[in-house]
Amino acid sequence: MSQAALNTRNSDEETPSSRRNNGTRLAGILFLLTVLCTVFVSGWVVLGWMEDAQRLPLSKLVLTGERHYTRNDDIRQAILALGAPGTFMTQDVNIIQSQIERLPWIKQASVRKQWPDELKIHLVEYVPIARWNDQHMVDAEGNTFSVPSDRIGKQVLPMLYGPEGSASEVLQGYREMGQVLAKDKFTLKEAAMTARRSWQLTLNNGIKLNLGRGDTMKRLARFVELYPVLQQQAQTDGKRISYVDLRYDSGAAVGWAPLPPEESNQQQNQAQAEQQ
């Protein structure tokens, strides 16, 4: 058989196989394109569905944490101030957290989303241990904050006063001097520090102490030592101690005031009973 005839026969045998390979390759390409188109269209539809606020709105608000000053409406209004709430997928919880922490009595807020439509917020409020310059409060760490006056209630707190930015210093002084006074059953009602670092105290019995600058603890100890003598003199004279000025190297200047009528009558009755 000639070489030409052999080549012709081989060519005829390969043609059907080549056609099948081409068809398979084309089918594979079409299938891949179909899959890609399906994924793209599906992703587009799902993304649109997730971004549709009518399908996945953050419509539920859950608040946790110990609250004394925060009302539900405070949080709701803080969130609405940012505009209409986003969807579960699009809402940035960090923005909400920052907005809530702008409330002056909020120490910390933790915000997270709960599928499918819930916003969970955990609140930590500042805990006041004293009032600061009448208008604010101070916590145990020396942080100052404010609370709406109608939410404070009847909570009785010591009063602290000082220059702006000195809350931590005044609080530390209040604690140290309060510990000294507590040993003799005194309680600090008020502590004030001037811009020159001069201290004035008011005790729970109404006595005012002027400690001046420097040696405050030494001067406070002097008052504790003098108090029994001053108290005895007050009872003898039928007066009360109004103030004690301790800005001296030794001794003190004492201011006296009349007893309130009820205390004066009580002392007179007690004296008469002792005479009988």
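In case you wondered, yes, glycine gets a Cβ from its N, Cα and C as well.
Marked as compositional bias 'Low complexity' by Swiss-Prot: 262-276.
Residues or ranges marked as domain 'POTRA' in Swiss-Prot: 56-126.
Marked as region 'Disordered' by Swiss-Prot: 1-20 (among others).
According to Swiss-Prot, the feature region 'Disordered' maps to 257-276 (among others).
The annotation topological domain 'Cytoplasmic' is assigned in Swiss-Prot to 1-28 on the grounds of sequence analysis. Mean pLDDT for the topological domain 'Cytoplasmic' (1-28) in the predicted structure: 57.
Taken from Swiss-Prot, the feature topological domain 'Periplasmic' covers 50-276, and the record attributes it to sequence analysis.
According to Swiss-Prot, the feature transmembrane segment maps to 29-49, an assignment based on sequence analysis.
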The domain 'POTRA' (56-126): DSSP-derived helix, strand, coil residue counts: 17 helix, 24 strand, 30 coil
